[in-house]
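Chemist: Encoded as structure tokens, here's the structure I'll be asking about.
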């Protein structure tokens, strides 16, 4: 892909997200989401591989369907209330339709089945964009339309944490594991969304830092399956020593940064009288913990089945920019002591 075309696509991604963030009109929000979708599809199909083209086609069809449903819901809301304003979406019917359309765009359960297949057909860089940047605009709209006490949001969040943990248990492809991890982590974000949007934003930022670290690590190690992780220790020993901590942070174990949002979300759910929901969410996190520990074991305690003992592969100098990766890895692992400051910000 030409550098000029790549720059145009990336700028269009930023424009679409900015338009969706700044919009107060349903048509303008829809336009922002469509710009986002149309900008990322050439990035997905740039490898000219059948799997990449298939993934781009699936993504386009799913996002177009969700956008059509979203536009229908906005029109229905305008018909009922006489308003196109996002803040005037008060009727339960358009709110439910909008929630399901945005859940489909985000890949939340039970509308998640496209996510693993699309991720599997992409390279790790485009997968990173889908797992992080493409979640921002739909979540911003979801925050604006959610009324307090919506049981639909709690159901979607809890189902996402369960399906995201359950679906990744028997996977051997790393991109599918990261796809299910994305569904599970966004389930935690959605659980906190209607009760504390600032807490949901904190959880999203921690997830973005951890997911970016994992995608960049796998790109540096050139690994796409669990077996390929077994030789990554010979390529970047220091990074492999740090990556298990990042995985445990994604799982939400103390004393890593990922424990902070999960702890605060469970506390918030308990305050709202949803102790059973908090208990179920904490139990579903154990499912995700299993496959994170599986990746940790494969990376640090095993050797590649085709690699003879005592003959490690060449350790060549990497051409990747590693300073952002190191900074993100340290942030993902070591920011738990800032929990009081984060709590004060969430309470504002």
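Glycine is treated like the rest: Cβ placed from N, Cα and C.
Take a look at what TrEMBL says about it:
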DOMAIN    23-287  domain 'NADH:quinone oxidoreductase/Mrp antiporter transmembrane'
DOMAIN    289-341  domain 'NADH dehydrogenase subunit 2 C-terminal'
SIGNAL    1-20  signal peptide
TRANSMEM  59-80  transmembrane segment
TRANSMEM  92-112  transmembrane segment
TRANSMEM  151-170  transmembrane segment
TRANSMEM  177-196  transmembrane segment
TRANSMEM  202-221  transmembrane segment
TRANSMEM  233-253  transmembrane segment
TRANSMEM  273-293  transmembrane segment
TRANSMEM  325-347  transmembrane segment
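Each of the listed features needs to be described in terms of its position in the shown structure.
Modeler: Tertiary proximity for the transmembrane segment (59-80) is limited to same-chain residues at least six positions away from its ends with a CB under 8 Å from its CB atoms, namely 26-27, 29-30, 33-34, 37, 40-41, 44, 88-89, 91, 93-94, 97-98, 100-102, 104-105, 114, 118, 130.
Only residues 6 or more beyond the boundaries of the transmembrane segment (177-196), in the same chain, are considered here, and those with a CB under 8 A from a CB of the stretch are 106-109, 112, 115-116, 118-120, 127, 131, 135, 139, 142-143, 146-150, 153-154, 156-165, 167-168, 171, 203-204, 207, 211, 214-215, 250, 261-262, 264-265, 268-269, 272, 277, 281, 284-285, 287-288, 291-292, 295, 346.
The list of residues near the transmembrane segment (325-347) in space but at least 6 beyond its ends in sequence, with Cβ under 8 angstroms from a Cβ of it, reads 196, 198-199, 202, 206, 209-210, 212-213, 216-217, 220, 239, 242-243, 245-246, 249, 254-260, 263-264.
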Chemist: Give the mean pLDDT for the domain 'NADH dehydrogenase subunit 2 C-terminal' (289-341) on the 0 to 100 scale.
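Modeler: That stretch averages a pLDDT of 76.
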